[in-house]
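Colleague: Dropping the structure in here first, questions after.
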Amino acid sequence: MSVGDLKPEPEKSPPAEEAGSIPLTPDLKRDNNNGSSNSNKNKYTENDGSTSSEGHIKGERQAKEIKKYGACVLVLDSAMSWVVCIAVAMSIFLMALFRSALTIYFLDFVEAFDVSITTASLGFTFGLVFTSITSVVGANLMVPYIGTRLVVLIGAVCNCVFTFGLIIAPNIAVFILFMTAKGFAFGLILTPSIALMSMYFNRRRSLATSIAFCGMGAGNMLGPPLFEVLKENFGLWGLFLVVAAIEMNGVPAAMLMRPIGRYKYIIKDGVDIKAPAKSEPTDDKDDATEQSPFLTQDEKVDEDLSETDQNNLSFSKPPGKCDEKLNHCGLKEWRDVPIEGSKEENAPEKLPENKSMNSTSSSDAALSTEAVARSRENSFAHPSEARTAADVSSAGEEAGKRCLTKTGAFFQRLFNVDLFDLWSMWLLMGASGLGALVQYLMTYLPTISIKQGLTQPEVAVLMTINGSLELVSRIVIGIFSDFHLLTNCQIVTITHVVIGTVLHFNYFYTSYNALLFLVVVSGALSATQQNLSSLLTIEILGMENLLSAFGFRIMISTLVLATHHPLLGFILESTGSFAAPLHYVGMCLYMAAVLLLMAPMVKRYDARRKAATSEQPKL
């Protein structure tokens, strides 16, 4: 009996022709070690792509029918999916609000602490470094252990607490410390929430991602006029006190991010029933296991099942002929039992009769000089002493092996290094790191404007225009991506080329009107890579690698930004102009565009290499 074969409740009993257990499609059969459980067939069952005479049933009707049996159902692209999308948008909006306030009043912090721009920019650097670290740790270690919702909730609480810490910072060192802590909170919020939202959508994934990242544009648009009013009435520190209070809204937003592992059924396109994402655990305490904290939802026995159903669950392959014979046979007969899966069908494999059950191969039986000496020494000792020494040695070896196994599993889960066997992964990391430098323009655009002689109100107007265009462009790009006229790699490539070209004309941006042109281009195009970041990851590496690859992508992007903030700040102070840093960013965007154009070719190469590896005979 499979996990999905749940018996209906008495008050919700279906008609006679539908009575019995819920049928499972092949995709819904729970398995372990390539084994699966059988399920009954009726009009909801799909086999080999065929359907029953009654045809396909709409997703909502399927959900209602399955819910009669108490099963938890998710229909992709449904209302619950959009609730999660809005929650993610709120979290991103709060991060953008703080970032907008910090970039606009960055020079005020420089004056307040009486330090150089390079020293103050270390806050950005260390914050981005910790964002990169927690993006990987949160995605690969914390999410499989406690679930997305709890990880984002921890990040939301830390986010507002650390903003309060910035207010009481007595010097630049404490300020940089809390900026570093803010980076820790940002990493816990961004990567897990975006990865979770992508799993809730199928047809509208591009639009949903765009709407979620509209929180960034909304923060950049609504922040500047709000900050001007707050600063006039409460001062710089009162402004950030209000921002910290607003960031508390991240707590209810995190509560809405229900892990995908809580659903037993996922209905896609209103037709197909798919199994839940196996990499997404539940954060429900009742579903936890004491044996291993790293088991995902499909590896656990559902607590909702009755004791009888749990006893009937099968997580291994069906018993074969060999298993049946082994139940009642002697040693000699046991040697003659053919081993299933042998290449020689008519020549069953037998155990040699001249060896005992505990004998080993010659390679395993070869003892080292040290082992022989230890054996001779034990032979002259009392039997109980020799046995005790052997037991202690064996126990120590077993403990060491267990420790190494657990340590290896920990680092394997923390850093999914298998992804780096793919050239596509290296291409994604390179394109993401180089393309992330477009954020340098967004970060220092207010500073560039002030250096050109603009006043604070004029800068606030420019940033409001920038945020408004960014908000609209995110939605437009998401809708355009859903039409599939161009691939996501091609869309991002075009925007990189345009922005890179505009940055090379930075000598002309000396007046309000010229800076307005730069703001318009920046607001309309600079957020494209960030907007389509998860979709780029899926397009290049596939949905199955989204969580791990997206965490690495965030890590590389933030590390590149972290190292370039002091570097470009040093170039700025040395030359006294933003011309050289903007030329550098423009060239990096050109290089990122070239890498993205190579993505289809690299994917085909990885596919051929994988096919060649699978065809090699196993030794």
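A Cβ is built for glycine as well, from the same backbone N, Cα and C atoms used for every other residue.
Below are the features I grabbed from TrEMBL:
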type	residues	note
COMPBIAS	1-15	compositional bias 'Basic and acidic residues'
REGION	1-57	region 'Disordered'
COMPBIAS	33-42	compositional bias 'Low complexity'
TRANSMEM	71-97	transmembrane segment
TRANSMEM	117-143	transmembrane segment
TRANSMEM	150-178	transmembrane segment
TRANSMEM	206-222	transmembrane segment
TRANSMEM	234-256	transmembrane segment
REGION	277-319	region 'Disordered'
COMPBIAS	337-353	compositional bias 'Basic and acidic residues'
REGION	337-393	region 'Disordered'
COMPBIAS	355-366	compositional bias 'Polar residues'
TRANSMEM	422-441	transmembrane segment
TRANSMEM	550-572	transmembrane segment
TRANSMEM	584-602	transmembrane segment
Colleague: Between the stretches 71-97, 117-143, 150-178, 206-222, 234-256, which one has more Cβ pairs under 8 Å with the transmembrane segment (550-572) than any other?
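Modeller: Result: 117-143.
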Colleague: Checking distant contacts: for the transmembrane segment (234-256), what same-chain residues at least six beyond its ends satisfy Cβ-Cβ under 8 A?
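Modeller: Distant Cβ neighbours of the transmembrane segment (234-256) are 83-84, 86-88, 90-91, 94, 97-98, 101, 105, 108, 112, 149, 152-153, 155-157, 159-160, 163-164, 166-167, 189, 227.
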Colleague: Quick one: do the transmembrane segment (150-178) and the transmembrane segment (206-222) reach 3+ CB pairs under 8 Å, ignoring pairs fewer than 6 apart in sequence?
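Modeller: Contact absent: fewer than 3 Cβ pairs fall under 8 Å.
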Colleague: Can you tell me which recorded stretch out of 117-143, 206-222, 584-602 has the most Cβ pairs within less than 8 Å of the transmembrane segment (71-97)?
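Modeller: Ranking 117-143, 206-222, 584-602 by Cβ pairs under 8 Å to the transmembrane segment (71-97) puts 206-222 first.
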